[in-house]
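Written out below as structure tokens is the structure these notes cover.
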Amino acid sequence: MAYSLLVGLPPIYGLYVSFFPSLIYFFLGTSRHMSLGTLAACSVLIGAAIDKHFEPSLAVTNSTVLSEVSLDVVPTFISDLSVSMTTNDIGSASVTHSVIHAVNDLESNHDLDIKVGIATSVTFLGGVIMVLLGICNFGFVAAYLSEPVFKGFNIGCSTVAFLNQLQKVLGVSLPRQSGNFKIVKDLISLAKSLEQTNIATVLMSIAVIIILIIVKDYINPKLQSKFKIKFPIPIDLIMVIVVTFISYMGQFENRFRVKVLGVVPSGLPSPELPPLHNVGSLLEDAAVTAVVGFAVSISLGQMFAKKNNYKLNVSQEMIAVGACNLIGSLFSCFACSASIARTTLQDALKGKTQVAGLVSCSLILAVMFFMGPLLYHLPLAVLSCILMVTLKKIIKEFQDVIPLWRYSKFDVIVWVMTWAVAVFVEIPLGLVIGVSLSVMGTVWKTQWPRNVQLKHLAGSEVYADERYYEDGETLSGKVLILRFEAPIYFANAQIFQESILAKVNTVTSDGVESKTTYIPKPEEEELKRGKITSEDGSTAKPVLEKPVALEGCHVTHIVLDMSQVVFIDSTGLRALVQVRHELDIASIKLLFAGCHDAVIEFILRSKTLQANFDCFYLSVHDAVLDISQTSMEHQASK
């Protein structure tokens, strides 16, 4: 009920979202523990869509009310106005005032219908998108929401939701704002309206918040740790019942002008297709809502599936969550996703199947049919207090930025930018900016990768970055071992080409290093698994017992460690051909080590490199052994 306030709809719509999606998921979902319902991020996104597309009805004036009001409205007031109609001026004024009130109620209902139409349309389109993506096995799209993007966006939505509740806990009404920097405009408007603060609402809100924090942050954790009680005290429900009773007994609405829930419709809504005449303008909101809702659902579902040792069908989950939104929108539901609190509680209570979800649905159904009238006097501020205390835990995750800054500054930039844009500019734009920055960062890292020279670690077959292993043995200046630490593709092809030639020029100009050079001795076992063969095809035997000192100071071989080149495209291949051409002119042989099978297949299939399997080695050590053996054979022939 509290989350429906984020959307801008009456609380009963929150009950609809908690009932219909859970019922539908029982038949379609693959998670045994996940419970669908309201989610702060999805609720805020739907609320933002309503703010963007909603246009309120025109106000009714005294001069036009009698001509515009429907005739079937007036008879409802005849009995109340019979006395005042016997007078002249007073009777006329009374009739006019009453009819104005009636027409304003009609306009309010009309505005509500428009808001519900926008919410259900966005939800319907989001459901269609998820179902189609699930059918096409496009569940991987959720992977583009990296942890910094998702956390920044989720905290941004929670921040907006938290700040939007301030006016309710203060008991003031603010004019509707829209556009960029909406939250700033709301805060300025709130500051100007502080003199209208309802003291009774504020005092009640403070008391409720204090009680909620004490129970949730202190009492429940102690009960769970000391007494192993897994079922927490349902303090939210207790506060709703207690404060509603106090509000009824104290007549808060009439005596202190405290805003209450009012009439809660009983029963279930009739199915109705959402208005789809404005599909084009709602697609962006629907797509963002769909991606966020599915990302939360799949991450939560996979977490509990792993915990309880079963697998989740990602594509089927996408279809299931999409169907819950699609069908739910026909019953006045706004966007739903996995409910973190309900899913966690279901697991804590040892719920093993979706039958637990049916039990939850039955309780909600009982509330919708029988408990609605009892909630009339529930102050709206209580729902806002419950929401603020819940969102507080999410907003506190912002402190994770501090340790993250120590080892990944770029992730912090993505996190903060996503949060800032979502809060101060536009919520959907925050997600777009976050994903864009994350993708750009990945491209940047692969566009400017390192091309490092490797050293041999004594007593092993390992070759490592010379910057991190000072004790490593440097090979003779004639053998250069390099490792390119990224895929070779259009964004870094030129960087790859230039870095290889630059390394060759550096070694050639410096000559043989003053350190002890090393060429590994080809042992018997290494000969059997390497590519070292004699001219007649028989396995070669070690001829020399000591490492061979290569003559001269110029590079004769380059061993390119390709273990981190996970793919190569046509542009990268052309760069590789150009490097091979430049090295051939300089009489330098290029060898490849540790290539992925897909990369080897791509190179050989293209036939542009004019390479054969003799150029490829399973490891750098195999390539170095082959160079050593060839050098020994060359010296022996002399």
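Using the three backbone atoms N, Cα and C, a Cβ is placed for every residue, glycine included.
No curator has checked TrEMBL annotations; they are predicted automatically.
Annotation comment: TrEMBL describes 479-627 as domain 'STAS'. According to TrEMBL, the feature transmembrane segment maps to 12-28, 122-145, 199-219, 231-250, 286-305, 317-342, 362-391, 412-444.
Same-chain neighbours of the transmembrane segment (412-444): 44-45, 48, 144-146, 148-149, 151-153, 155-157, 159-160, 180-181, 183-184, 284-285, 288, 291-292, 398, 401, 404-405, 491, counting only residues six or more beyond its ends whose CB sits under 8 Å from a CB of the stretch. Taking residue pairs at least 6 apart in sequence, the transmembrane segment (317-342) and the transmembrane segment (12-28) share three or more C-beta contacts under 8 angstroms. Comparison of 199-219, 231-250, 286-305, 317-342 by number of C-beta pairs under 8 angstroms to the transmembrane segment (122-145) places 317-342 first. Long-range neighbours of the transmembrane segment (317-342) within the same chain, counting only residues 6 or more positions beyond its ends whose Cβ lies under 8 Å from a Cβ of the stretch, are 4, 7, 9, 13, 16-18, 20-21, 24-25, 28-31, 34-39, 41-43, 45-46, 116, 119-124, 126-135, 138-139, 268-269, 271-274, 289-290, 292-294, 296-298, 300-301, 360, 390. Confidence annotation: the domain 'STAS' (479-627) carries a mean pLDDT of 72 in the model.
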